[in-house]
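Below: the structure, in structure tokens.
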Amino acid sequence: MNSTPDLISPQKSNSSNSYELESGRSKAMNTPEGKNESFHDNLSESQVQPAVAPPNTGKGVYVTVSICCVMVAFGGFIFGWDTGTISGFVAQTDFLRRFGMKHHDGSHYLSKVRTGLIVSIFNIGCAIGGIVLAKLGDMYGRRIGLIVVVVIYTIGIIIQIASINKWYQYFIGRIISGLGVGGITVLSPMLISEVAPSEMRGTLVSCYQVMITLGIFLGYCTNFGTKNYSNSVQWRVPLGLCFAWALFMIGGMMFVPESPRYLVEAGRIDEARASLAKVNKCPPDHPYIQYELETIEASVEEMRAAGTASWGELFTGKPAMFQRTMMGIMIQSLQQLTGDNYFFYYGTIVFQAVGLSDSFETSIVFGVVNFFSTCCSLYTVDRFGRRNCLMWGAVGMVCCYVVYASVGVTRLWPNGQDQPSSKGAGNCMIVFACFYIFCFATTWAPIAYVVISECFPLRVKSKCMSIASAANWIWGFLISFFTPFITGAINFYYGYVFMGCMVFAYFYVFFFVPETKGLSLEEVNDMYAEGVLPWKSASWVPVSKRGADYNADDLMHDDQPFYKSLFSRK
């Protein structure tokens, strides 16, 4: 391999032997003064340096990166395991006997309030952990931060598994384990996005969601395997396996390279160079490593010159920080408002209502569909782009909810709810619930994490991802807590509520979510600095790759009515 790539000739600066970088990056990025100079005004032809080609080392590079990112993404498995197991716990006899209340006939049950609290309080812990504990990633590094939050998660599991008959002890354990998972949901996608190459970033961040679905599926299977026991094996064995997952996660962190962006920010340049070299499987002195390192250094220096980011700058900073922060909050909120947890948290109970003799088996079917559908997203997210997947995923879920809710309302109980349900209607609802899961798992499930991991500059990234994730968890709490009450009052009309949310989601994505497929994290920031319209963002080209006929101004204005491009593929 030649030491200098064919694509460029390195230009020396007057002060050092470094490569000339794209010095026209937004000078106003997150500046406290709020000055947002035109991106084009800061560029001259001599300042634009073509991007250096990555080392041509074959598929081995992708294997190395993929293994590292899968280890980090295993944090999603921990989250998914909780989702898959708690849905079965609330229907298991020993769990009901220990933590529930007694009917007059001697049978045990969980009240709607207690069920909602036990299931949903986990989300409140996650919201707090995402905001408070994610800061560990900035203080000590993403890897160390992940190890610490996994330890906190384990403490919560110990409290839960030690519970004998006090539901509030189990409740407290759920809060503490939620703190750990909240930190994981911020730090895992963050580390993956900062390690992965731009051309594979969407796919590799989506591995986090694949791990969530694998955890949900195996959690369902474990519940199915323990449900016939009559003692605490029903729920303590699934909880006990959490220790194995925590140890695997901690062990994996020993082999994962630290985020080069964090290392540069911490002044550990040699370690950052080694991290980039390990991920790209090439020598530390390779020109591509030098180019990537100096690009990151330039970005970090601009952020450092602007000073420490305050929480207020998430909404007042430049470029377009208010728009970006609100987009992160909305995307994460809308991911919950798809209604996925309606099925995953309460799937066992919901399908008891449609007359199934073994609703645990139905949950396993859901888990299989969810897992393999999410695997499909590894192809779709970087093939079709973020915007297309989000919009057409919303359309697919709307169609599924129309059928699911309509059949549930009009055909499930033809002779009244006090009479046997229609088996045909119940089967139809299960089929369209599976179609819904396919639409969700291939689009909104992974891409919500991809979007928030890509769209924030490093200086405020942990804060932005924390507040966006907190919005997700808060909505998760509200949906999880109130679902038993809402379904008790309106039953399957609930599906129409989620359908309306997905109609709104389609239009929100069209107007406010830009396309970031194939862009580096620094290039995403440049795109925001230029003020590109989201529905034209798929045509945006980074400065270093533009031809002479490229018209950047055309992407900032739209002279035709928006409805003409509303259903376009861009």
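Numbers run from 1 along the shown chain.
Quick reminder: no glycine exception, Cβ is built from N, Cα and C everywhere.
Taken from Swiss-Prot, the feature region 'Disordered' applies to 1-51.
The topological domain 'Cytoplasmic' annotation in Swiss-Prot covers 1-60 (among others), and the record cites sequence analysis as its basis.
According to Swiss-Prot, the compositional bias 'Polar residues' annotation covers 1-20.
As annotated by Swiss-Prot, phosphoserine applies to SER23 (among others).
Marked as compositional bias 'Basic and acidic residues' by Swiss-Prot: 34-43.
Annotation source Swiss-Prot lists phosphoserine at SER38 (among others), citing a large-scale study or a structure entry.
Taken from Swiss-Prot, the feature phosphoserine covers SER44 (among others), and the record attributes it to a large-scale study or a structure entry.
Over the topological domain 'Cytoplasmic' (138-143), the average per-residue pLDDT in this prediction is 89. Among the features that Swiss-Prot reports, topological domain 'Cytoplasmic' is placed at 138-143 (among others), with the record citing sequence analysis.
Beyond the topological domain 'Cytoplasmic' (196-201), the same-chain residues lying 6 or more positions past its ends with a Cβ under 8 Å from any Cβ of the stretch are 54, 61-62, 65-66, 69, 279-280, 382, 450, 453-454, 518-521, 523. If you look up Swiss-Prot, you'll see 196-201 (among others) marked as topological domain 'Cytoplasmic'.
Classification of ASN228 (N-linked glycosylation site) by DSSP places it in coil, neither helical nor stranded. Neighbour density for ASN228 (N-linked glycosylation site): within 10 A of its CB lie 9 other CB atoms from the protein chains shown. The feature N-linked glycosylation site is assigned by Swiss-Prot to ASN228.
The annotation topological domain 'Cytoplasmic' is assigned in Swiss-Prot to 258-340 (among others).
As annotated by Swiss-Prot, topological domain 'Cytoplasmic' applies to 382-388 (among others).
The topological domain 'Cytoplasmic' annotation in Swiss-Prot covers 453-469 (among others). If one looks beyond the topological domain 'Cytoplasmic' (453-469) by at least 6 residues along the same chain, the residues whose Cβ comes under 8 Å of a Cβ in the stretch are 29-30, 126-127, 130-131, 134-135, 137-138, 182, 185-186, 189-190, 192-193, 201, 205, 261, 265, 299-300, 303, 306, 309, 311, 313-314, 317, 321, 324-325, 327-329, 331-332, 514, 516, 519, 521, 524-525, 528.
Positions annotated as topological domain 'Cytoplasmic' by Swiss-Prot: 513-570 (among others).
Packing against the topological domain 'Cytoplasmic' (138-143) from elsewhere in the chain are residues 187, 190-191, 194, 253, 256, 258-259, 262-263, 266, 462: each is 6 or more residues past its ends and has a CB under 8 Å from a CB in it. Tertiary neighbourhood of the topological domain 'Cytoplasmic' (382-388): same-chain residues 199-200, 202-203, 447, 450-451, 509-510, 513-518, 534, 537-538, 569-570, selected by CB-CB distance under 8 Å and a gap of 6+ residues from either end.
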